[in-house]
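Visitor: Summarising the annotation, TrEMBL assigns domain 'Adaptive response protein AidB N-terminal' to 95-223. TrEMBL lists 251-355 with the feature domain 'Acyl-CoA oxidase/dehydrogenase middle'. The domain 'Acyl-CoA dehydrogenase/oxidase C-terminal' feature in TrEMBL is assigned to 363-521. Annotated domain 'Acyl-CoA dehydrogenase 11-like C-terminal' per TrEMBL: 527-646, in sequence order.
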Amino acid sequence: MEIKIKKTYKAIHEKLCVKLWAELARRQTRVWLCKLATYLKEIQHVDILSGYKSASVAEPGTRRSNEEQLWEAAGYLPFSRAKIGSFFQERPVLKNPFLEDALLRGYLRRHLPQEAPFSDLCAFGERVANEVDDWGRECEVTPPRLVHFDPWGRRVDHIVTSPAWKRMKDLSAQEGLVAIGYERSFGEWSRVYQMSKLYIFSPSSGLYTCPLAMTDGAAKVIQSIGVSWPVDEAYGRLTTRQPERFWTSGQWMTERQGGSDVASGTETVAVPQTDGSYKLHGFKWFTSATDADMTLTLARAQDRTGATTPGSRGLSLFYGEVSRDEDGRLKGIEVQRLKDKLGTRQMPTAELLLDGLPLSEEGKGVASIANMLTITRIHNSTSAAAAMRRVVQLARDYATRRTAFGKLLKDHPLHMQTLARMEVETRGAFLLVMDVCRLLGREENGMATQLDAHLLRLLTPVAKLYTGKQAVAVVSEGLESFGGQGYIEDTGLPGLLRDAQVLSIWEGTTNVLSLDVLRSVARSSGMVLHAYFTHAKVRGASNVSSLAPAVKAVDGALSELEDFVQIAATRAPGYLELAARDLAYSLARIYMGALLIDHACWKGASSSDTYAALRWCEHDLCPVATKQARGCYDLSTAPLDAALVYDRPVQG
């Protein structure tokens, strides 16, 4: 009888302990858990604390202990198998970038309403999200490498790229990423269509948009000088949709003495041969897309005595094909090393020794470079806007998946305010880039007025310099929206920022392009500014009362800009140089404001279009006028700036 009573007591006691343990575990009251474990140990019931420890090291397939069964009955075995817990944060998901972009779709519905481009971009967006983005990641984690010698010691200089990089080349041909601009199936809007497709592709391309930019630029140069022998074959290959025929072009300009200052920095010489051809000899410090099939490169042509002409007058642009001899050696080229870059690691960039690179004809004047720069700078601007759009798309998706402080990120007003500011920047950049593409399309189709041509000349460097700076800021802000994960390499997010940094450097830094803006003003006798003021005036918004504050801001900024130009014209030349950067920023901001207002006025516009225009026009649209009023461009500031930069501690 006594034994039966003890067994009954023990069963009741165990049930009470299990219920109490489950409740305490649910509340995660560790102090009381420890007290209960101590008590149970003292009455020689079960060692629950040791059961807690054993649960964390039990191997799969082993028999569960009494202690584990007790924990399981309590419903509290969080680390019994996984050891790292059961919570895993959902990653941001890349959805069809065309369908997810309301502004892109609205812009095309307004200006290019045909169904064919829409269907093509929709299908391409699906392919980018489901297939191409993985290729881009493969290019990132498998960067190019240089193999100098074969196993038997012969110099071969093979640049080995990932299979995904090669797939990108085939895709580019199939999708017409260069060809669309030359087929011109949609007239003046063909460039808008082409750049819209590249805009979708760029962030997932593994930087393949860079060789495509140079390929497009090379095709433009050949077209501008006349498609004839020996470059007619190259032109056909650069603009084909057939992957087996498609060529990409490199751009080999930069030498040790400088990048943008090619007039004084080019030492490479073109030596004439008896058959009328040339051979190149020199050293190229930075060659982009070094694995390309052909290149455009700068050199100084020697005369029969070996003399060259200094300065830009002595420079020529040469076309050369990259080929190998029977032994597999590059003809007239040695690859010295690949560049170890901050970003754009997916694309091979190298130092090249040109030791007799064969050229079939005499070079063309450097004036032909202008056409190439227009194209490559527009590509750069497109990639900048695309980088902003991509980080915004990922950040807003993540905000629907990440919970912090008891609610989703999308339900935190401050977080939404931050993303909205990024969205406004992205919208302004997109509309500016597309308007430059529109102007290019009009020029190429013979529809451009003189004002259009002047505006294209002015806005090309303005768009490139401003969107390049925007991209770095917006993508950096975007990484913050992912918290610590934005800093972790294998998420793929940091690569967006590293790659964005090149956008303000390649094809002219911010200061170089700001001076180019001044040059365009001087060489056109101010006509580029006349074209700007004519186009930037807001029209058709007077009957949209909700846009009144934005219209007032743009009109006021235009008036301030006109006042600045008149004052600057009376000052010494150094005055405008000090103001060049802020002048370029002002040109960009005012024009973006006008474009946002214009887009918000069309019949298919949404309330978000109106709100974006209002938010953009809260900026200081004319910083050059603001800083002029503070005396920032007085020539006396130049030595003060230098003294500040080189300030040294007082000796003694």
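Placed from the backbone N, Cα and C atoms, the Cβ positions cover glycine too.
Because TrEMBL annotations are produced automatically, they should be read as predictions rather than curated entries.
Keep in mind that what you see is a predicted model, and the values were worked out from it rather than measured.
A description of the local structural setting of each listed feature is requested, covering burial, neighbours and distances.
Guide: The residues of the domain 'Adaptive response protein AidB N-terminal' (95-223), classed with DSSP into helix (H, G, I), strand (E, B) and coil, number 86 helix, 11 strand, 32 coil.
Averaged across the domain 'Acyl-CoA dehydrogenase 11-like C-terminal' (527-646), pLDDT in this predicted model comes to 96.
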Visitor: According to DSSP, how is the domain 'Acyl-CoA oxidase/dehydrogenase middle' (251-355) divided among helix, strand and coil residues?
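Guide: Looking at the domain 'Acyl-CoA oxidase/dehydrogenase middle' (251-355) with DSSP, the answer is 7 helix, 51 strand, 47 coil.
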Visitor: Quick one: DSSP breakdown of the domain 'Acyl-CoA dehydrogenase 11-like C-terminal' (527-646) into helix, strand and coil?
Guide: 89 helix, 0 strand, 31 coil
